[in-house]
Structures are given as C-alpha cells and as structure tokens.
Amino acid sequence: KESAAAKFERQHMDSSTSSASSSNYCNQMMKSRNLTQDRCKPVNTFVHEPLADVQAVCSQKNVACKNGQTNCYQSYSTMSITDCRETGSSKYPNCAYKATQAKKHIIVACEGNPYVPVHFDASV
C-alpha cells in the first residue's frame, strides 16, 4: 500500500518544472498522477521546489491545521506552486482543470519518523 508520504509526493510534488509549463499542465498532471481515477479531484496544488525543501517545512513554523490538528507547518519562505482547479465544464471521466501560478507560503501536515509531509493543508 502507498505510504502517506509517498501519496503526498505523488499528489503534490513537481520538482522537475519551475512552474506550470502550459495551459494544459493541470489536465496532464492530474491524470498522470492518478488524481482523476474514480472522480475529478476538485482542487489540487503542485509544489515546484526540491523535495528536501518541502520536507524541511516540517521543522519550520508550527501552525494549526484547518481541521484543528496541531501538526501543521508553514514554510518560512514562499514557494512556487500551481493550483489546479476544476472548471465548470469538467465532468468525470473528462476532468478539466485551470492552472493558477503563484508564489506563496505552503502549509503542510507532517507525521512519522522521519517527520515528513503527509497532507497539503493550504497556501498563504
């Protein structure tokens, strides 16, 4: 079974590009990362930074998660991210997405040993 840390990497890490390469980026990425397998995932964020930099956030600013848990951490620096949001015309299995580029602080939930990101909570 896929570990929570591996799932985070599959769903949220794209270190190979510095930003969304094209308007089709989200459609391709959401499909290739299996985020549209049994439904269209409405919103998903990809982080364009080295994995080590994202893992390091787990030792940065401790903040409360949206669900009230206390194991969330906010990055000290801004990171290059792409938000993929489902379009109005999107209908499973033909999921369609719009990409929004941003440089924001990310907030991730961390757990385990080693202490690594397992959930993308927000960007601010």
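Cβ atoms are placed via backbone N, Cα and C, with glycine included.
Note that the structure is a prediction, hence the values are computed from the model and not measured.
Between Cys84 and the candidates Cys26, Cys40, Swiss-Prot records the disulphide bond with Cys26. Within the set Cys40, Cys58, the cysteine that Swiss-Prot bonds to Cys95 via a disulfide is Cys40. Long-range neighbours of the compositional bias 'Basic and acidic residues' (1-13) within the same chain, counting only residues 6 or more positions beyond its ends whose Cβ lies under 8 Å from a Cβ of the stretch, are 33-35, 44-47, 51, 54, 108, 111-112, 116-120. In this structure, the recorded positions Lys7, His12, Lys41, His119 were compared by how many other Cβ atoms lie within 10 Å of their Cβ, and the smallest count belongs to Lys7.
Within the same chain, residues at least six positions away from Val43 (substrate binding site) with a Cβ under 8 Å of its Cβ are Asp83, Cys84, Arg85, Glu86. Reduced to three states, the DSSP call for Lys7 (substrate binding site) is helix.
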